[in-house]
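Undergrad: Reproduced below are the annotations present in TrEMBL:
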type: REGION; residues: 356-406; note: region 'Disordered'
type: TRANSMEM; residues: 38-60; note: transmembrane segment
type: TRANSMEM; residues: 66-85; note: transmembrane segment
type: TRANSMEM; residues: 105-125; note: transmembrane segment
type: TRANSMEM; residues: 131-151; note: transmembrane segment
type: TRANSMEM; residues: 163-182; note: transmembrane segment
type: TRANSMEM; residues: 194-217; note: transmembrane segment
type: TRANSMEM; residues: 238-256; note: transmembrane segment
type: TRANSMEM; residues: 276-298; note: transmembrane segment
type: TRANSMEM; residues: 303-324; note: transmembrane segment
type: TRANSMEM; residues: 330-348; note: transmembrane segment
Amino acid sequence: MMEIESETQELCLHVNGEHARNFSTEQRSHSYSWRIKVFLYVFLLLAGETMATLLGRLYYEKGGKSTWLETLVQLVGFPLTFPCYNYINPEPSKTKSITKETTSFLTLSLVYIGIGLVVAGQSGLYSFGLLYLPVSTFSLISASQLAFNAVFSYLNSQKITPFILNSLVLLTLSSTLLVIQPEPESSSKSLAKYNYVIGYICAFGSSAGYSLTLSLIDYAFEKVLKKHTFKEILDMDTYPSIVATCVVVVGLFGSGGWKTLRTDMEEFKLGKVSYIAINIGSTISWQAFSIGCLGLILEVSSLFSNVISTVGLPIVPFLGVVFFHDEMSGIKLIALVLAIWGFVSYAYHDYVDDQKPEEANQEKEEEEMMKLSQPEEATQEKEEEELMKLSQPEEDAQEENSHIQA
């Protein structure tokens, strides 16, 4: 009987240990693969954003004047990802729950068209803002997208915590300092002031449009598409880009802007080859940024994607000083410090939120281990009862023999 008990215990320990080992290995491999994907998306977002902003400013700095073209290069790069459709893994991502419900064609069309229209408007505002403002000022104002992200947070049930509120105040102060700074000297002060006002309005509008786009995409992934695969990333990049590209092309031809493109290229200070190379580089950079942004929304959240996009905040202003000789005044430095402080506050809020699911997962794992250990305890109790039953007749026989002898 003791041999049976030991074998039973050994079998239970083997099963439990195998389950725990498999669970640990699966969790560990998932964590590694997830982190690699997130790192790749972060790299694409930051590299694409930095290069696209600098190339866009270089285009204007060297004589480029077409805001329609600058808007178009932000959107027209979606065919570059078409080959990726041939290498899509049919297995869905395991980072989020998946449902087998399908979304109707009409609903999908409305989602893609709506997001595409918002993207077209945001891209146009971005181009005008970058035209009228120095790249350092424009980049610092773009940090206000985190504040707008909180405004649109109700779409994804995000709460306003003290850390977010602190970040909003800091980013608002940072942007306000840039607005009230003295305008640069110009031969036409009234025109320069008018252009700066237009630039500030467009920069803030672009930041608001970008945050709205991220929130809408996050909402679409969670509530409408209800799928979390790389194919959905490509679809969310392709179809809204097609809609936005059509809108910009209609505007380009409707406004007669296409007539000035040849003159724009011929008068470009760096030559025709550089003109084409800069626009191609901008297109590739924006496409890399788009894939990185959508990947982070899918794998983490729109908030995280928005926070990561502001990590390049300290990079662009200093590169603007180096390459475009932008003036880095004391007000800009203070605004930069406030913006970074606001970013850190927002990032810490995201870190605190990430710790809560981890603690919940640990508690869930402990509960599962307790459930696995309960059958073993039940088996031991059952074996003890059987041993008691087997030993009972023997004890009764001994009592009877002692009674007969007496």
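The count begins at 1 with the first shown residue.
Including glycine, each Cβ sits where the backbone N, Cα and C put it.
Computed from a predicted structure; not experimentally measured.
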Undergrad: Counting only residues 6 or more past its boundaries, what in the same chain has a CB within less than 8 Å of a CB in the transmembrane segment (238-256)?
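TA: For the transmembrane segment (238-256), the far contacts come to 68-69, 71-72, 75-78, 81-82, 112-113, 115-117, 119-120, 123-124, 290.
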Undergrad: Which residues of the same chain, at least 6 past either end of the transmembrane segment (105-125), have a Cβ under 8 Å from a Cβ in it?
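TA: Same-chain contacts beyond the flanks: 67, 71, 74-75, 202-203, 205-206, 209-210, 212-213, 216-217, 220, 224-225, 235-236, 239-244, 247-248, 251.
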Undergrad: Taking contact to mean 3 or more CB pairs closer than 8 A (sequence separation of 6 or more), are the transmembrane segment (131-151) and the transmembrane segment (276-298) in contact?
TA: no
Undergrad: Top stretch among 194-217, 276-298, 330-348 for CB pairs under 8 A with the transmembrane segment (66-85)?
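TA: Top-ranked stretch among 194-217, 276-298, 330-348: 276-298.
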